[in-house]
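Reviewing the structure listed below.
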Amino acid sequence: MAGGGAAPPPKLEEMQPHPVKDQLPSVSYCITSPPPWPEAIILGFQHYIVMLGTSVIIPSALVPQMGGGNEEKARVIQTLLFVAGINTLCQSFFGTRLPAVMGGSYTVVVPTISIIMAGRYSNETDPHEKFLRTMRGTQGALIIASTIQIILGFSGLWRNVVRFLSPLSAVPLISLAGFGLYELGFPGVAKCVEIGLPEIILMLIFSQYLPHAIHVAKPVFDRFSVIFTIAIVWLYAYILTASGAYKNARTKTQVHCRVDRSGLISGAPWINVPYPFQWGAPTFDAGECFAMMMASFVALVESTGTFIAVSRYASATMIPPSVLGRGIGWQGIGTLLGAFFGTANGTAVSVENAGLLALTHVGSRRVVQISAGFMIFFSILGKFGAIFASIPLPIFAALYCIFFAYIGACGLSFLQFCNLNSFRTKFIMGFSLFMGLSVPQYFNEYTSVAGYGPVHTGARWFNDMINVPFSSKPFVAVLVAFFLDNTIQRRDTTVQRDRGYHWWNKFRSFKTDSRSEEFYSLPFNLNKFFPSV
């Protein structure tokens, strides 16, 4: 061959795989290192805007079925935001201490709809009275359901379960906590594609391309891309609405595309402070409580995965099981608060806000506490909060396409601790991910065709107890992975390394790793009275 000798052999360091990292590098601000105050306030407002999507979608779906109008819907959204602000502060100060936003839970929607459809409310002719009675029934069920999270969290039972979690069994849980919400992504964008698609494209340009094309001293375009892009697309949607683009469109198109069809601004009061039992005294039904307790348990499992993802994107170490149990206990208190105030929904870690941590590279606790302040402030000043809450939902769906993807990718990243050349690893990972997608798909398809789930007995509460957990993708996936990972060749020392169990061993006790004290210890010297183990 003309031209001389062979190419030089590659250097040894080029042949080495990427090193395993206990903490995620390249995070600008971790839990304990807050950004400057002006930047922190803008980032906190950004978190508030992102969590509005779920806070509007859930009441918008439930309140009309309950018999409520725009006024009731606006008040329920305000209440949900108010409680979310309190819960986020409690979680960041006394729970896991992670920068986790505590918002509404999609898992609780199914048993709530069952309560709405219950026979004891169907003969109520006055819509407002039906709304009040249904809300009280939901409150009663949620009060009882919150005890599951409180008991499992604070008693140490959940801590003992999480001790058996390895990186391998955590992968399906965290991955499907993000990827499993795919039906809230592009299907929501497609409801008004001329608004949703530009939001996705602009987000990609602002967050991924502009920072490399335009060099500025501080990261601006990627860190504040949510505010920039929502402002642009919201203005664009307003121009379309004002110019009469949807004048003769179908009602559904107008609801999703127009900026003046949410009914929230007209329905919201100028000032309103939510208070406990504002809808009346809760009512209790044993069957509804059982169904809601199962949904509460599923929400607990899903939040466990999201908590782990938040710890990763905040550049913290793996959460010690005792701290995770403490966080789940406070999540239960959050569900109880929501029941008292009447949100018609439970409490869970906001997956979209966890994804925002990844986009901004800011995992600061202070930023999320500021966002909680915005939630409480704008929930009391109803009209101002309603302006932001009236952002067309396809814009939020576009954001979900990016944020949910970040959480799914975070789950896959834990495979770095596992032996990917092991057939055992491949089987458990592949089978649990497949079943986590396939089983809920069957349950959801069956429900959409038949109008009820595969388990269809005369007891609606029993149906929900089976149909709700098996409709949750993360729950099914981790159930399969956790069982297989802890039963197949468990005592083999080689298998212990293959599943990555040894990497998390030092975090299974609070005191084993010195970094746990830095990230997770309680404030005000409370560790003396509530020690972590």
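Just so it is clear, glycine is given a Cβ too, placed from its N, Cα and C backbone atoms.
TrEMBL tags one of the stretches 45-64, 285-304 as transmembrane segment, and that stretch is 45-64. Tertiary neighbourhood of the transmembrane segment (466-484): same-chain residues 107, 110-111, 164-165, 168-177, 179-180, 291, 294-295, 297-298, 301-302, 305, 427-429, 431-433, 435-437, 439-440, 443-444, 447, 453-455, selected by CB-CB distance under 8 Å and a gap of 6+ residues from either end. Of the two recorded stretches, the transmembrane segment (226-246) lies close to the transmembrane segment (45-64), with three or more CB pairs under 8 Å once pairs fewer than 6 apart in sequence are set aside. Contact between the transmembrane segment (395-415) and the transmembrane segment (100-119) does not hold: fewer than three of their C-beta pairs are under 8 Å, each pair 6 or more apart in sequence. Using a cut-off of 8 Å between Cβ atoms, the transmembrane segment (45-64) and the transmembrane segment (196-214) share fewer than three residue pairs, counting only pairs 6 or more apart in sequence. Taking Cβ pairs closer than 8 Å, the transmembrane segment (196-214) reaches residues 188-190, 221-222, 225-226, 228-230, 232-233, 236, 359, 394-395, 397-399, 401-402 in its own chain, all 6 or more past its ends. Long-range contacts of the transmembrane segment (76-94) within the same chain: residues 51-52, 55-56, 58-59, 62-63, 68, 100-104, 264, 268, 272, 274, 278, 326-327, 330-331, 333-334, 337-338, 341-345, 347, 365, 368-369, 371-376, 378-380, 382, 385-386, 389, 522-523, 526, each at least 6 residues beyond the stretch ends and with a Cβ under 8 Å from a Cβ of the stretch. When the stretches 100-119, 140-158, 164-184 are ranked by Cβ pairs under 8 Å to the transmembrane segment (367-389), first place goes to 100-119.
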